[in-house]
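Trainee: So Swiss-Prot lists the following for this protein:
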TRANSMEM  11-33  transmembrane segment
TRANSMEM  53-72  transmembrane segment
TRANSMEM  79-97  transmembrane segment
TRANSMEM  107-129  transmembrane segment
TRANSMEM  136-158  transmembrane segment
TRANSMEM  193-215  transmembrane segment
TRANSMEM  227-244  transmembrane segment
TRANSMEM  254-273  transmembrane segment
TRANSMEM  286-308  transmembrane segment
Amino acid sequence: MNGSNLRRGTFTILLALCATPWVGTAQALVMGIALGLLQANPWPRQTARYSKMLLQASVVGLGFGLSLGEVIQTGKDSIWYSVIGISCTLLVGYGLGKLFKTGTNTSALISFGTAICGGSAIAAMAPVLKAKSDETAVALATVFTLNSAALLLFPLVGHWLQLDQNTFGVWSGLAIHDTSSVVGATSAYGATALAIGTTVKLTRAIWIAPVVMAASLIKGGEQQARIPLFIIGFLGAAAIRTLLPSYEHFWGELAGVAKQCLVVTLFLVGAGLSREVVKQVGIRPLVQAVSLWVLVSALTLVALKLPWSA
């Protein structure tokens with residue numbers, strides 16, 4: 001068997017394993033990262049495309065596990081954290097970019113990705129800033145690298161600090177960049193954390209549209225942004241479950257399938273972390289991104305533990 005066939009065979013076997021209940025989110029991510037860093041992913045472009053599609057479908061499926069009332073209440077409870085968090089993250093990110101002398105566009109993209117929704121936010125903001133392809137790529141690679149770290153670190157920190165599932169879910173939803181990493185970290189922590197974290201994260205993601213439009217007006221451009229369709233799908237799924245409670249068992253089965261699809265998604269996400277992606281990041285953007293992420297994570301957790309959040 002030549003090297004190409006061996007890579008394909010290994011990838012296919014591990015992918016199939018991730019579709020079974022025997023593999024959890026953390027194991028799937030580690031297997032994917034190992035493949036990516038060992039240059040053993042035979043289909044990097046297809047992996048990137050299908051991981052995004054599968055993630056969006058999985059998030060919609062998770063909506064069948066929640067009532068619309070739960071979604072609305074969680075969104076209402078976290079909205080001010082989202083508004084304050086986004087504003088402070090953008091301001092601190094701007095300051096850190098100046099401090100570390102990161103390129104203006106790269107710094108802005110990293111800050112925007114950290115504040116709202118990782119790669120989706122970066123992709124939406126890049127045309128507004130007229131960012132070059134290499135600036136966008138560096139910002140995406142930086143956020144992607146930290147997403148992978150968050151999947152492993154957040155559950156460890158949560159258990160170490162003995163956070164309850166509600167606090168961990170809100171913290172993850174507010175402090176982790178991408179939706180995939182939020183659902184991965186929270187699903188490893190518990191069902192309640194997953195439900196809360198996903199809803200809080202999607203509440204943050206809705207802010208892509210108004211923030212991009214505001215930036216476009218400031219820049220004098222015509223770039224528009226729309227709320228991602230999978231967020232509407234998530235709300236629609238929760239509405240269907242609420243309107244048709246007699247099929248609750250079926251909706252629960254759909255939500256269970258969605259959770260297993262998330263395991264497959266995280267394997268694909270990990271497999272996309274190649275050596276080229278790591279090399280592309282560079283020291284200044286990485287230092288800015290890590291500093292911003294640590295500050296946001298720490299301050300968010302402190303805010304959640306203060307008396308007013310009880």
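Numbering starts at 1 and runs along the chain as displayed.
In case you wondered, yes, glycine gets a Cβ from its N, Cα and C as well.
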Trainee: With CB pairs under 8 Å as the measure, which of the listed stretches 53-72, 107-129, 286-308 comes out on top against the transmembrane segment (227-244)?
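Mentor: The listed stretch sharing the most Cβ pairs with the transmembrane segment (227-244) is 53-72.
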Trainee: Top stretch among 53-72, 136-158, 193-215, 286-308 for CB pairs under 8 A with the transmembrane segment (254-273)?
Mentor: 53-72
Trainee: Using a Cβ cut-off of under 8 Å, list the residues of the same chain at least 6 residues beyond the transmembrane segment (136-158) that approach it.
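Mentor: Contacts with the transmembrane segment (136-158): 25-26, 29-30, 33, 106, 109-110, 113-114, 118-119, 122-123, 126, 168, 171-172, 175-178, 180-181, 184-185, 188-189, 266, 269-270, 272-273, 277-278, 280-282, 285-286, 289-290, 293.
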Trainee: Counting Cβ pairs closer than 8 Å, which of 53-72, 79-97, 107-129, 286-308 has the most of them with the transmembrane segment (193-215)?
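Mentor: If we count Cβ pairs closer than 8 Å to the transmembrane segment (193-215), 107-129 scores highest.
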Trainee: Cβ under 8 Å to the transmembrane segment (79-97), counting only same-chain residues 6 or more beyond its ends: which ones?
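Mentor: Same-chain contacts beyond the flanks: 104, 106-108, 110-112, 114-116, 170, 174, 200, 203-204, 207, 211, 288, 291-292, 295-296, 299-300, 303-304.
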